[in-house]
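If you check Swiss-Prot, you get these features:
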- 11-28: zinc finger (ZN_FING)
- Gly97, Glu98, Pro99, Gly100, Ile101, Gly102, Lys103, Ser104: ATP binding site (BINDING)
- 250-254: motif 'RadA KNRFG motif' (MOTIF)
- 350-455: region 'Lon-protease-like' (REGION)
Amino acid sequence: MAKKTERAFSCVGCGYVHPKWLGRCPECGEWNSFEETPSLSSGDVRAVKKASSSPVQAFPLCAVRAQDAQRISCGIAEFDRVLGGGAVRRSAIMIGGEPGIGKSTLLLQIAAACGKSVLYVSGEESPGQIRGRADRLNIPIQNIELLCATRVEDVERVLNTRCPTFVIVDSIQTVFSPEAGAIPMTINQLKYCANELIAWVKERDSVLFFTAHVTKDGNIAGPKVVEHMVDTVISFERNEEDIRFLRALKNRFGSVDELGIFTMGENGLSAVQDTAGFFISTRQGMFPVGSATVPVCEGSRVFMVEIQALTVPAKSSVTRVFSDRIDSARVSRVAAVIEKRVGLKFSDQDIYVNVAGGIRLYEPAVDVALAMALYSARQNTPVKTNAAFIGEVSLSGEIRPVRRLKTRLKTAYGLGFSTIYVPIGVEHDTPPPYTLRVVGTLAQTIAEIFSKAKA
């Protein structure tokens with residue numbers, strides 16, 4: 001009697017599996033994203049269990065010798081910074097970004113700069129296209145071997161022959177195996193091929209890089225299980241111009257706080273050397289209405305950022321917040337605190353918030369500067385150019401301390417910001433002609449700033 005294979009349906013967006021077809025995925029919320037995928041029959045499951053029943057032994061953790069991660073420089077200091085000091089041997093690194101952002105350019109520059117043996121596997125471009133890009137970038141390619149293949153078995157066969165230090169796959173969505181089904185780019189194909197390649201580097205002192213497509217929401221396409229399988233997930237973002245940002249979303253061997261900043265030009269990606277003042281403009285006198293500055297921490301770096309706000313009367317009974325660089329929930333919360341604790345009404349206004357330079361801000365230390373920008377926009381009164389603001393705003397209107405305050409102050413002073421507003425409890429020797437203003441509440445800060453501005 002033939003074995004009965006159970007039916008299963010999986011979401012093409014996130015990999016969620018359900019025994020029945022669903023119109024909307026309960027995990028990621030996508031509509032009409034379920035496709036039927038074959039699942040193992042009960043006989044197959046028993047066969048797998050039997051095959052994997054070899055004896056294993058447990059051992060005490062205290063008997064294991066600790067090992068430091070062995071890192072290899074990728075040849076690009078800014079990329080090494082994001083990884084935590086270089087790529088770790090036997091690790092898998094996934095880079096996600098929208099089409100045309102520069103993923104292939106970055107990996108080709110890494111392949112040329114690392115000084116190690118590299119196998120570059122391309123499933124999207126022809127050899128002539130890749131050579132043309134290398135010539136445009138004017139990079140050395142003597143250590144790079146190229147393989148244009150999409151079957152994972154072919155890739156593994158070449159890997160076993162060459163044993164390169166760096167393995168680059170562009171992209172993982174184009175690799176397939178007949179063992180995982182007849183249709184490429186399915187959930188099963190992604191999981192199977194990623195697992196095969198990761199298993200290969202885990203057994204050797206190599207490093208695996210592969211690119212991944214992103215969805216229209218900016219999330220990495222494919223099942224989340226692939227992100228769990230790799231050691232590092234790096235997001236490749238851009239602003240409206242030629243600036244690129246590299247940010248680690250997951251890093252088993254380092255911090256996820258570091259930010260890499262590049263500019264895209266004729267010669268490819270170039271690291272920004274002076275990041276402290278990269279996102280602000282030199283001005284004299286007053287800032288434009290609705291602008292305020294804050295020193296922001298990203299990993300070991302501190303740089304000044306200008307927050308811009310605009311308020312207009314709402315055109316309907318439902319007000320809206322437009323902010324894609326700062327979480328809109330944070331903007332709404334700060335506006336609500338101003339309305340409650342200061343008495344300035346925002347509930348009848350549409351709010352627009354932007355960050356100059358296009359960088360995304362996540363830390364709470366931007367709250368006070370955001371509040372100053374919102375108040376300035378609502379009152380149509382500018383803030384002094386040489387003033388900067390540091391602090392988190394609580395729901396009670398208090399200004400709370402933030403981490404690495406001394407480093408933030410040093411950066412702000414170095415860029416000519418002579419008056420810094422900080423939370424209560426800060427002890428710092430302020431060199432002349434700089435002024436450190438200690439404030440306890442948002443209402444106190446607003447009263448001091450804007451009473452002087454009006455005067």
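Glycine is treated like the rest: Cβ placed from N, Cα and C.
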Taking only same-chain residues 6+ apart in sequence, whose CB is under 8 Å from that of Ile101 (ATP binding site), what do you get?
Phe236, Glu237, Arg238, Arg244
Lys103 (ATP binding site): tally of other CB atoms within 10 A of its CB:
23
Across all protein chains in the structure, which of the binding-site residues Gly97, Pro99, Gly100, Gly102 has the highest Cβ count within 10 Å?
Gly97
Residue, out of the binding-site residues Glu98, Ser104, whose Cβ gathers the largest set of other Cβ atoms within 10 Å:
Ser104
Sorted by sequence, non-Gly97, Glu98, Pro99, Gly100, Ile101, Gly102, Lys103, Ser104 residues with Cβ within 8 Å of centre, ATP:
Phe236
Summary of DSSP states over the motif 'RadA KNRFG motif' (250-254), given as helix, strand and coil counts:
0 helix, 2 strand, 3 coil
